[in-house]
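S.K.: The structure follows.
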Amino acid sequence: MVKMIVGLGNPGSKHQQTKHNVGFMAVDRLVKDLDVSFTEDKTFKALIGSTFINQEKIYFVKPTTFMNNSGLAVRALLTYYNISTKDLMVIYDDLDMAVGKIRLRQKGSAGGHNGIKSIIAHIGTQEFDRVKIGIGRPSHGMSVINHVLGKFDTDDMITINIALDKVDKAINYYLQEKSIEKTMQQFNG
């Protein structure tokens, strides 16, 4: 069996450590202890790394398209590697959740997230596993775009690092147990 873990974000150094790139940050945290390195694949428009966990091939992906076109890379990789959408996990930011809160879901709408909208449009289903990481709402008077493209302040970064550790544990549990339901029971709350 093959699984694909996708972290959403925007490419380029100016977007590193921004709220919208928390999906990239989560994937980077996941691969840190697995001795996985990323290679840029221009054909698939993604940074791709892989390893085996319990005899199962796991692809870690960071699309190099901008957020709104994430579905291009996801669809191309699912097709090329013949991976079912049931074996897809997407990690992304959610501004409707408090900073650092995480929630695993089995399926659902895009909830206004353009990266998820793109994935749903390109793969033709809402039925794929996901991890949402809360980045909070913009402060009064700040636009959503400025909020998601802004960096975390020091206190929020501490909270996000704790959340990234929790996401790391949740994804590893998910890969061991091979069950989103069990993982949701263990980590949602």
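Cβ from N, Cα, C; glycine included.
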S.K.: Looking at Swiss-Prot, which one out of HIS15, HIS147 binds tRNA in the same site as PHE66, ASN68, ASN114?
M.R.: HIS15
S.K.: Please identify which of ASN10, ASN68, ASN114 has the densest Cβ environment, defined as other Cβ atoms within 10 Å, among these recorded positions.
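M.R.: Comparing the recorded positions ASN10, ASN68, ASN114, the most crowded Cβ belongs to ASN10.
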S.K.: Using the CB centroid of HIS15, PHE66, ASN68, ASN114 as the tRNA site centre, which other residues of the same chain sit with their CB within 8 A?
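M.R.: Apart from HIS15, PHE66, ASN68, ASN114, the close residues are ASN10, HIS20, THR65, MET67, ASN69, SER70, GLY115.
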S.K.: Report, in whole Å, the straight Cα-to-Cα distance of ASN10 (site 'Discriminates between blocked and unblocked aminoacyl-tRNA') from HIS20 (active site, proton acceptor).
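M.R.: Cα of HIS20 (active site, proton acceptor) to Cα of ASN10 (site 'Discriminates between blocked and unblocked aminoacyl-tRNA') measures 7 Å after rounding.
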S.K.: So among the recorded positions HIS15, HIS20, who's got the most Cβ atoms within 10 Å?
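M.R.: When each Cβ's neighbours within 10 Å are tallied, HIS20 tops the list.
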S.K.: Would you mind checking how many other C-beta atoms are within 10 angstroms of the C-beta on ASP93 (site 'Stabilizes the basic form of H active site to accept a proton')?
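M.R.: Around ASP93 (site 'Stabilizes the basic form of H active site to accept a proton'), other Cβ atoms within 10 Å: 26.
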S.K.: Is ASP93 (site 'Stabilizes the basic form of H active site to accept a proton') helix, strand or coil when read with DSSP?
M.R.: strand
